[in-house]
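Q: Below are the C-alpha cells for one structure; questions will follow.
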Amino acid sequence: MVQDVECYPEYQKLEGFLKCILRILKLSFKPWTLLRGYEKFILVLIYNIYSLISAVFTLVYFEQNLMAILLRIMVIAGFIEVLIKSLVIIMQTNKLKILFLFIEEIHQIHEFDLITDSAKFYMKHLKRSLGLIKIILRILFLGMLMASVAMTFYIFYTDSMALAVPGVFPSANSSLFYQHVHQCICFQISTVIISMSDTVIIIIGFYFIAVLNIFQDIIQHIKKFNSRNKEGVLIQLYKFHCNILEKFNIFSEVFYYFIAVQIAASAIFILCVFFLVLSEKSFIPLFVLVHGQFAVICIFGELIYSKTERLSTELYLTNWYELGSKEQKILLMMMFMSQKTIGLKAAGMYDINLTMFIEVVKAGVSFLTILYTLA
C-alpha cells in the first residue's frame, strides 16, 4: 500500500524552490545552444574570476595593515568558496535529480503490512526535518544578510578597501565612493550565490537524516512482525537499506569538493575572524555566521556517523533468534553492511564531526594570540 505523506505538498514547494535555484545558477530559464551546453557556466565563471582578480589586485596594490590583510585574505577565500560551490551544483545537476527523486519516493509511504504504525515513522521524521530545514534556512538567510550589511557598513564608515575595481590604482586625491559601490554590489551578489548553493546541501542533507531515523524506527519495531511474512518484510528492509547506502554514495560524490572547500574556507575564516571581531564590533555578524555555517556541517557529519554506527547495534537487538534461517541470513547481510559506518570526510581524509569543530576553533584562538604578539 502506497500513500503520500501529509507534508508532501510542502516538500514539493521546497523542491520547486531548489529547481528554481538551479535554473538561475545555470541560466537555463532561457534555452541557449550557442556554446554547446557550456553556457551554463558563463555567469558563475565570469563573475567569480572577475571578483578573484579584484580581490588579489586589492591585496597587492592597496595600503596594507594586519587587519586589512586578514580581511582581504578572507575575501579571496570566500570567492574561491563561491566559485567551487556554484560549479559543483551546476555540474552535478543530473545526480541531484536522482537525489530529488529519492526524497520524493520517501514521501510516498510504502506501508509494511507486518509493521504496525509504520506510516507514523515517515510522517513524524519527514515533518520534523521539514520544520528544521525551514528554521535553518531562515537563520542562514538572515545571518548572511546581516553579515553582508555589517561588512558594507564597516567598509563605507572606515573608508576601507577589500574589493577594488581591477586596474584602478589607489590615488591620494581620488574619491573611493564608486569603489565602495563596486564592493557593495559584489558582496551582495556573492551572498545570493552562496545562499543558493548552501540551501541545496542543507535540504538534501537533513532529509537524509530523516530517512535514517525512519529506517532506525522500523528496525526497532521488528518485534511486531507477523510470523507469516517475516521474510518478505526483511527483503523490503534490505532493499531499503541498500537504497539508502547507494543514495548516500551519490550524495558524497556530488558534494565531495563542496564540503572540502567549505571546511577549508571555514578554517581560514575562523583563524582570521577572531582578530577582526576583537578589533571591530561590526564583524560580530560575520563571526556568528562563520561559526554557524561550520557548526551546521559538523553537526550534520556527527549525526550521519552516529546514526549509521548505531544501525548494527539496533539490528542485533532485534528478536533475530526467533527468525528462521533465511530471515537470519537477510538480517546478517544487513548487519554486515552496517559494520562500515558512513559519514562525511573533508578531502576524503578528515572526519567531519564536532571534534573537528572544536579543534578548528581552538586553532583559531591560538592563532589569535600569535596575531596579537605581531600586532
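Placement of Cβ uses the backbone N, Cα and C atoms for every residue, glycine included.
The annotation transmembrane segment is assigned in TrEMBL to 41-62, 68-90, 135-157, 200-219, 254-277, 283-305, 356-374.
Set these features in their place in the structure for me.
A: Using a Cβ-Cβ cut-off under 8 Å and counting only residues 6 or more beyond its ends in the same chain, the transmembrane segment (41-62) has close neighbours at 25, 27, 35, 68-69, 72-73, 75-76, 79-80, 82-83, 86-87, 90, 161-167, 169-170, 182, 186, 189-190, 193.
Tertiary proximity for the transmembrane segment (68-90) is limited to same-chain residues at least six positions away from its ends with a CB under 8 Å from its CB atoms, namely 21-22, 25-26, 40-41, 44-45, 48-49, 51-52, 55-56, 58-59, 62, 96, 160-163, 190, 193-194, 196-198, 200, 254-255, 257-258, 261-262, 264-265, 268-269, 272-273, 275-276, 371.
Same-chain residues lying 6 or more positions outside the transmembrane segment (254-277) and placing a CB less than 8 Å from one of its CB atoms are 66-67, 70-71, 73-74, 77-78, 80-81, 84-85, 88-89, 92, 95-96, 99, 197, 201, 283-284, 286-287, 290-291, 293-294, 297, 344, 346-348, 350, 352, 356, 360-361, 363-365, 367-368, 371-372, 375.
Within the chain, the transmembrane segment (283-305) has long-range Cβ neighbours (under 8 A, six or more residues past its boundaries) at 136, 139-140, 143-144, 146-147, 149-151, 154, 198, 202, 205-206, 208-209, 212, 248, 259, 262-263, 266, 269-270, 273-274, 276-277, 341-344, 351-354, 356-357, 360-361.
Remote same-chain partners of the transmembrane segment (356-374), defined as residues 6 or more beyond its termini with a Cβ less than 8 Å from a stretch Cβ, comprise 66, 70, 263, 266-267, 270-271, 273-275, 278, 291, 294-295, 298, 301, 346, 350.
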Q: Residues of the same chain, at least six outside the transmembrane segment (200-219), with any C-beta under 8 angstroms of its C-beta?
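A: For the transmembrane segment (200-219), the list is 14, 18, 21-22, 89, 96, 99, 103, 106, 112, 115, 118, 121-122, 125-126, 128-129, 132-133, 136-137, 140, 237, 240-241, 244, 247-248, 251, 255, 258-259, 296, 300, 303-304, 307-308, 310-311, 314-315, 318.
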